[in-house]
Amino acid sequence: MSVLVVQGLSKSFGGVQAVGDVSFAVSPGEMLALIGPNGAGKSTCFNMVGGQLNPDKGSVLLEGKAITGLSPRAISRAGVGRTFQITATFGSMTVRENVQMALLSHHREIWQFWRPVAGRHLTEADALLAQVGLEAQAERATGVLAYGDLKRLELAIALANRPRLLLMDEPTAGMAPVERVGLMKLTRRLATERGVAVLFTEHDMDVVFDVSDRILVLNRGVLIAEGDGDSIRANPAVREIYLGTGATSGGH
Amino acid sequence: MDSILPQLLTGLAGASSLFLVASGLTIIFGVTRIVNFSHGSLMMLGAYIGWSILTRLPREPEWFVLGVLATVLATALIGVVLEVVVLRRVYRAPELFQLLATFGVVLVLQDVTLWLWGPVELPLPRGRWLRQFVEIGGSRFPMYDLILILVGPVVLGLLWLLMNRTRWGTLVRAATLDREMVAALGVNQRTLFTAVFALGAGLAGLGGALSLPNSSANLNIDLAIITDAFVVVVVGGLGSLTGAFVASLLIGILQAFGIVLVPKITLVLVFLVMAVVLVFRPNGLLGRPQAEAREATVAAPVIRAAPPELRALGVAALLLAIAAPFIVGEYYLTVLTDACVAILFAVSLHFMMGPGGMASFGHAAWFGIGAYAAGLLMQWIGAPMPVGLLAAPVAAGIVAALFGWFVVRLSGVYLSMLTLAFAQIVWAICFQWVDVTGGDNGLLGLVRPAWAHDARVFYWLALALSVGGALLLRRMLYAPYGYALRAARDSAARARAIGLDVQSLRIVAIVIAGAACGLSGAIFSYGKGSIFPTYITISHSVEALLMVLLGGLQTVAGPIIGALVYTGLADILVRSTDLWRLVLGAVIVLLVVAFPEGIAGAARRLWLRGREA
């Protein structure tokens with residue numbers, strides 16, 4: 001049974017088709033990479049699954065239930081966690097408070113006006129921080145974290161909701177190569193341990209081939225290939241767009 | 001229906017004057033991102049300087065033109081001085097502190113003008129040509145108004161040429177879109193900003209001078225015109241010249257017809273139009289979504305529990321406050337009661353502005369609603385004080401819920417402008433609906449029950465309510481709701497992604513802030529025994545802003561310190577000097593330049609020096 005099933009997703013912007021009839025599925029514990037040159041429609045696809053964009057056509061099913069066109073908030077409630085291309089965290093809180101916030105939301109405890117946040121869900125928060133390796137920095141202000149640590153914090157926040165599906169938009173953008181591998185290995189481990197399905201876009205081909213179970217290749221809004229690392233590497237159409245024209249984008 | 005044409009022409013003439021002021025405001029905002037509160041003061045100066053020059057010249061048209069041009073140059077020069085002395089130093093400060101600084105300038109200029117020209121209204125003796133009429137469609141129409149009607153489009157045309165056909169104009173437009181990029185391309189921002197400010201000030205001066213024949217130079221111009229100009233700029237879209245022109249026409253004509261058709265609710269009408277426009281076009285008629293200024297997006301510091309020393313200090317201050325009636329005399333007891341009201345007033349604004357991230361320029365609206373709710377209940381059903389004190393926050397909270405539902409989708413400056421508009425509507429209702437509110441005469445005879453008649457008992461009541469209210473709001477900020485509100489401010493996208501309902505969080509913040517502020521209004525009214533529309537004026541709203549910003553947004557203790565400092569400062573100044581506005585304004589400007597993070601923020605920084613935040 002797939003966690004996420006996307007069928008016939010399409011979106012046009014002012015007559016230009018950004019995504020046309022894209023279908024795929026992700027299973028629990030599976031890491032599915034969405035790749036393609038700039039402008040291929042990765043982000044559009046991604047934002048339709050995450051609720052930031054409303055698709056023109058097609059459906060998005062999460063564990064069999066339609067979440068097509070729901071708000072980001074409702075999609076989060078349905079069990080989707082996400083990280084952003086440019087990290088988005090709560091800058092006026094400590095690292096631990098960021099995770100506590102997500103836990104409070106997960107436990108539906110936001111609309112409480114009396115009992116302080118301090119001390120709530122501490123064990124759970126610290127366990128999540130330990131999983132991403134941030135336990136030593138729990139007391140620090142989010143604003144002073146290194147960029148790689150912010151990315152890991154985002155991951156911890158996303159996991160607090162116990163998501164069935166994790167959406168990661170360019171998770172390693174802006175990170176040093178060593179950090180990239182570390183973050184994706186971590187994601188890989190968490191996905192396997194927790195049985196979370198992971199859909200991510202990525203420019204770094206090393207990362208993609210290293211950690212993903214399956215790869216989808218988009219070009220001009222259309223799905224042109226799908227398969228594991230080896231078959232994608234061997235796929236002539238993929239070689240055409242990545243190597244044939246010389247228009248690679250960010251591969252190392 | 002004979003009156004349609006003349007009324008239309010009057011409206012168009014009014015629109016022209018409005019456009020002159022609004023165009024300067026919008027150009028300055030576009031480039032410097034400063035909401036220049038002192039723009040109305042520049043127009044006022046234009047009127048006074050124009051008066052001084054024109055009364056010394058012969059009353060022929062050509063001399064009039066020359067005099068007006070001289071006025072424009074003089075105002076532009078004042079603009080340059082203002083920019084170099086004050087604004088240049090606050091470009092890097094947060095948006096609201098810039099606003100505060102420009103309001104400091106308003107206060108200074110008010111007293112300078114009063115000191116130079118005196119309190120008496122100065123009408124311009126009109127030469128013969130100014131009294132001529134033109135026959136249009138069977139009715140006589142003042143020729144000067146026709147000239148005014150032409151001035152608007154001519155100025156728009158000249159500005160358009162300047163912006164689109166000169167290199168300088170291209171730079172200005174580029175800076176409006178992305179000033180960091182323009183700076184990165186090697187353009188000298190300093191001169192560009194100064195020049196833009198001079199241009200805007202000159203336009204305000206032109207508006208002021210041209211308004212003379214139809215009205216006079218008086219001390220009320222500044223705040224009256226700045227409200228109208230804000231409305232025009234917001235309706236047109238911040239930074240858009242054509243938008244400002246279209247909006248000026250809309251508002252000018254609306255005002256002209258409103259006065260004839262619905263004289264009682266003209267003000268309400270204008271602001272309703274603004275509200276409707278913003279609901280359907282959140283960026284104004286011709287505005288585009290604002291690009292965030294990059295340097296302004298520095299993360300707010302982490303809010304941590306106050307250090308023990310500060311708590312001890314707070315407890316000591318509270319004990320001292322409780323003991324105060326045995327120590328101080330009657331006069332200071334009144335000042336202290338006012339300080340209690342100010343604390344709740346400021347803390348409630350801080351709640352929505354700091355953690356909520358929604359700045360309000362019209363916080364006095366809730367203050368007034370609370371006050372009038374208590375007063376009207378007493379008048380209608382003889383409700384005693386406890387009922388009034390309970391009804392005030394309830395009434396203010398209900399109205400705040402309606403208002404919040406309306407504005408919560410707007411962002412940043414637009415939301416702030418709508419709060420201002422809303423406060424003006426409330427003010428207009430209280431001022432103009434004489435049958436119910438008593439209008440200018442206010443509601444008198446708000447009596448306290450026998451047990452609270454003694455000034456000391458009432459002070460303790462005020463202290464208990466205000467400190468209790470402040471502590472309650474503080475408690476909420478440390479509870480999940482307060483954290484969620486702050487989360488929505490820090491990053492709305494992340495907040496939604498973890499399942500937070502950002503809009504509901506914000507509406508509730510507005511309701512809580514409104515209710516607490518309503519309570520402060522009721523306490524104040526029972527203290528004074530009467531209620532007046534002045535409780536809802538812009539300057540009262542700005543007082544709340546001053547307190548919060550003086551204390552600093554990023555600490556919970558900030559607004560309390562700000563309220564105390566402001567009340568003390570205002571009290572000392574009002575009693576010791578006639579030029580208290582000048583001193584207060586100068587102090588504000590100095591504080592903003594010296595402590596862009598507020599007094600409490602600066603103290604916190606010194607406290608934390610050498611440690612990591």
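Quick reminder: no glycine exception, Cβ is built from N, Cα and C everywhere.
Annotated features in TrEMBL:
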type     : residues  : note
TRANSMEM : B:34-51   : transmembrane segment
TRANSMEM : B:63-87   : transmembrane segment
TRANSMEM : B:99-120  : transmembrane segment
TRANSMEM : B:141-163 : transmembrane segment
TRANSMEM : B:191-212 : transmembrane segment
TRANSMEM : B:224-251 : transmembrane segment
TRANSMEM : B:257-280 : transmembrane segment
TRANSMEM : B:310-328 : transmembrane segment
TRANSMEM : B:387-408 : transmembrane segment
TRANSMEM : B:415-434 : transmembrane segment
TRANSMEM : B:457-473 : transmembrane segment
TRANSMEM : B:544-567 : transmembrane segment
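A Cβ distance under 8 Å defines the sequence-distant neighbours of the transmembrane segment (B:99-120), meaning residues of its chain 6+ beyond its ends; these are 34-38, 40-41, 44-45, 48, 51-52, 82, 86-87, 90, 93, 217, 219, 222-223, 542, 545-546, 549, 579-582, 584-589, 592-593. Taking every recorded stretch in B:34-51, B:141-163, B:224-251, B:457-473, B:544-567 and counting its Cβ pairs under 8 Å to the transmembrane segment (B:191-212), the highest total belongs to B:34-51. Under 8 Å from some Cβ of the transmembrane segment (B:224-251) lie the Cβ atoms of residues 11-12, 15-16, 18-19, 21-23, 25-27, 29-30, 37, 39-41, 43-44, 152-153, 156, 159-160, 163, 176, 207, 270-271, 273-274, 277-278, 281, 283-288, 290, 413-414, 417-418, 420-421, 424, 538, all in the same chain and six or more residues away from its ends. Contact counts against the transmembrane segment (B:257-280), taken as Cβ pairs under 8 Å, peak for B:415-434 among the stretches B:34-51, B:63-87, B:310-328, B:415-434, B:544-567.
The transmembrane segment (B:63-87) makes contact with the transmembrane segment (B:34-51), as judged by at least three Cβ pairs under 8 Å among residues 6 or more apart in sequence. Residues 21, 24-25, 28, 67-68, 71-72, 74-75, 78-79, 82, 87, 90-91, 95, 98-99, 102-103, 105-106, 109-110, 113, 116-117, 122, 124, 200-201, 204-209, 211-212, 216-219, 221-226, 229, 413 of the same chain lie 6+ residues outside the transmembrane segment (B:34-51) yet bring a C-beta within less than 8 angstroms of a C-beta in it. Sequence-distant contacts of the transmembrane segment (B:415-434) (same chain, six or more residues past either end, CB-CB distance under 8 Å): 227, 230-231, 234, 264-265, 267-268, 271-272, 274-275, 278, 358-365, 368-369, 372, 403, 406-408, 440-441, 533, 536-538, 541.
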